[in-house]
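Reviewing the structure listed below.
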Amino acid sequence: MTKTKTLEDSPISSAPKQGFVPRIASIDILRALTMVLMIFVNDLWSLKDIPAWLGHVERGVDGIGLADVVFPAFLFIVGLSLPFAVNNRRKKGDTDLELVTHVILRTIALLVMGVFLVNGETFNADATGMPRYLWNPLCCLSFILIWNSYPQDNKKALWLILKGIGIITLVVLAFIYRGGGEDGKEVYRFSPQWWGILGLIGWAYLASSLITIFAKNRFAPLLIGWVFFCVLSMVMKAQLLPRGTLSLIPSAISGGTLAGLTMGGVLASWAFIYYRERKDNKSMTIIFTAAIVVLVFLSLLTRPYWGLAKLGATPAWLFLCSAFTLGAFVIIYWISDVKGKSHWFKVIKPAGTDTLLCYLMPYLIGLILRKVLHIEYPEWLITGGVGLLKSFLFAMLCVLLTSMLNKAGIKLKL
């Protein structure tokens, strides 16, 4: 019996035949828009006199800004892509063991990148003996050397050497690294810290991938997985478990919220494929609209207890951001896939197809602009609406450079 028949004969006979659905433009577009938005909001720190609602809300404050919905959108999109990725590999003949191995290797890659970049935030140049501005670019260049998708040709030895250079560079950087030391505080060595954005995505990806793999296209296990993490988010915020009960599990998983966002994307993807196979966009839209209403209601229901906050990773933030992202996906799907207007988003396509490389671009472009070209922005260029335009153009520059690198043969693949 082939892998395909195994999927078709799953315990729930109405389960979608995932893996047979062609590439969905709306997922790539949503990912691209989110990446552009992430670069944009990450550049807002360089501006002045801009609306407060564009940025992050401070810790302890009940509320969210535009910047607070970008990271959860990424987590949700990771979930949207998971069923497609898992079933495409199954279609190629991968066993569950091979799938799990692949997931673990990708998780390790995300954790490594996340940890190196997060250590750059507390970098002590004097104690390390290296200029601060070199840390992140060197890390990013090493990531590219290690995880570039090299061509399968007779230059395999060269590609292995380049990968080796990247690995050795990271090892040396980790060894010489010293952080902290501000205001007389202790200087410390290289450590995971809070894993960084990519690391948090990695942990949420790991948990959701394992559930997706062993659910084998059955809706019930996926729903149970989502409900479990949502309940866990509330349980942890209510401090119902004895302190230290889940101390051996990374907080990105044990906290429930981040994995809940990703599992929400997995559920949405399952329903999407189910209705798309039946060419029933109307029912799918009704179901997703109902889901959005329920998610908003859950956010309103839980907000009085733990607030609405990204930095607190509250249940209300989980539910509301899931609703936002699902709503954006439905709108983009109708524009790009149903109405055939995906070409409207062609200019940002590289941010959706090589998102990781695009994510690394600000670290490299920042070095070039500030330390190589010695560009200093005049006051008027970082103020108000003009400043916002500058940040948007910077995000588009990152997309352009990603496209140029792709055409030159540089594409990251974990």
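Every residue, even glycine, has its Cβ placed from backbone N, Cα and C.
TrEMBL has this to say about the protein:
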type	residues	note
DOMAIN	24-229	domain 'DUF5009'
TRANSMEM	20-41	transmembrane segment
TRANSMEM	69-87	transmembrane segment
TRANSMEM	99-118	transmembrane segment
TRANSMEM	133-150	transmembrane segment
TRANSMEM	157-177	transmembrane segment
TRANSMEM	197-215	transmembrane segment
TRANSMEM	222-240	transmembrane segment
TRANSMEM	252-274	transmembrane segment
TRANSMEM	286-305	transmembrane segment
TRANSMEM	317-335	transmembrane segment
TRANSMEM	356-374	transmembrane segment
TRANSMEM	380-405	transmembrane segment
CB contact flag for the transmembrane segment (317-335) and the transmembrane segment (286-305), at least three pairs under 8 A: yes
Highest-contact recorded stretch vs the transmembrane segment (380-405), from 20-41, 99-118, 157-177, 252-274, 286-305, CB pairs under 8 Å: 20-41
Highest-contact recorded stretch vs the transmembrane segment (69-87), from 20-41, 99-118, 157-177, 252-274, CB pairs under 8 Å: 252-274
Dominant neighbour of the transmembrane segment (197-215) in 20-41, 99-118, 157-177, 252-274, 356-374, by Cβ pairs under 8 Å: 99-118
Contact yes or no, the transmembrane segment (286-305) and the transmembrane segment (222-240), 3+ Cβ pairs under 8 Å, gap 6+: yes
